[in-house]
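As annotated by Swiss-Prot, domain 'ABC transmembrane type-1' applies to 66-282, with the evidence given as sequence analysis. Residues or ranges marked as transmembrane segment in Swiss-Prot: 7-27, 70-90, 106-126, 160-180, 215-235, 260-280.
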C-alpha cells in the first residue's frame, strides 16, 4: 500500500512526459535540423549554421508568402472574430432565438465538411466557364466582373481566403453563442429600461462580456491564418505563379518538391516564432485589458 502511494504522484507526470515527447522534442529537433543542409534521401548532414535563415530572409518568395499570411490574418480577424460575434448576437436575439437551432446547423455545417469536398465545391463555383459565380454576374449584367477567379493574380488569394471564412465563421459563432448565453439577462433588461437600443447593447454589454472568448477566438484565428495549408494548396497550389503562396505551402514545396529539408526546417522555425509571438502579444493585451 505504501509503495502504491509513492507511485501515484509519478503517474501524474505521464501527461507532461507525453507532451514533452510529442511536442517539445520535435520542436527542438526541428530548430537543430534547420542549421544543416541535408536531403531526405541521404543520411549525411552538412552543418551550415544560420545560412538557411540568411537565405530565407533574402528570398522574395518568403516575403510574398508572409504578406499573404498577414492578409489572411487581417481578413480572418474581421470576418471570423467580429463577424462571428455579430452572427452569434443575432442568433441569440429573442426575435430569432426560436429559429436558432436551424441556423446554428446551417452555419456550423461547413465546419464538419471535408476540405477536399469544399475545395471541389468552390472549384466548381469559381470555374471561369461554367462556374456559378460568373453565371450569376452575367445574369445581373455585370459581365465585366467575370474572370478566372483562381487563375487571376489579383483575385486568387482573396478567393482562397473567402473559402476559409465561409468554412470557419460558423465555428467561431458557436463559441460566442456559448459565451453570450452566460451573460445575465438582467444586464440587457436594465439597458432596455435605460433606453439603449440593440446596437448600444451589443457594444456596451455583449462585446465587453465576451472578452475572454474573444481572446480565444483571436488566438485561434491568428494561429490558423499563419499555419493555413489545405485551402491554398488544394485550390491553387500557391499559384498562379506565387500569387497565393503562403508560408505552409512554401515550406511544403521546399521540403517535398525541392528536397531542401534544412531550408524547410528554417521556414517551420520562423512560422513557430511568429505564431508564438502573436499568442504572447494577445495574452499581454488580454491581461492589460482585464486589469483595467
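Using N, Cα and C of the backbone, Cβ positions are placed for all residues, glycine too.
Long-range neighbours of the transmembrane segment (160-180) within the same chain, counting only residues 6 or more positions beyond its ends whose Cβ lies under 8 Å from a Cβ of the stretch, are 71-72, 75-76, 79-81, 83-85, 87-89, 91-92, 104, 107-111, 113, 115, 118-119, 122, 150, 206, 209-210, 212-213, 216-217, 220-221, 224, 228, 231-232, 235-236, 244. When Cβ-Cβ distances below 8 Å are used as the criterion, the transmembrane segment (7-27) is approached by residues 272 of the same chain, each at least six residues removed from its ends.
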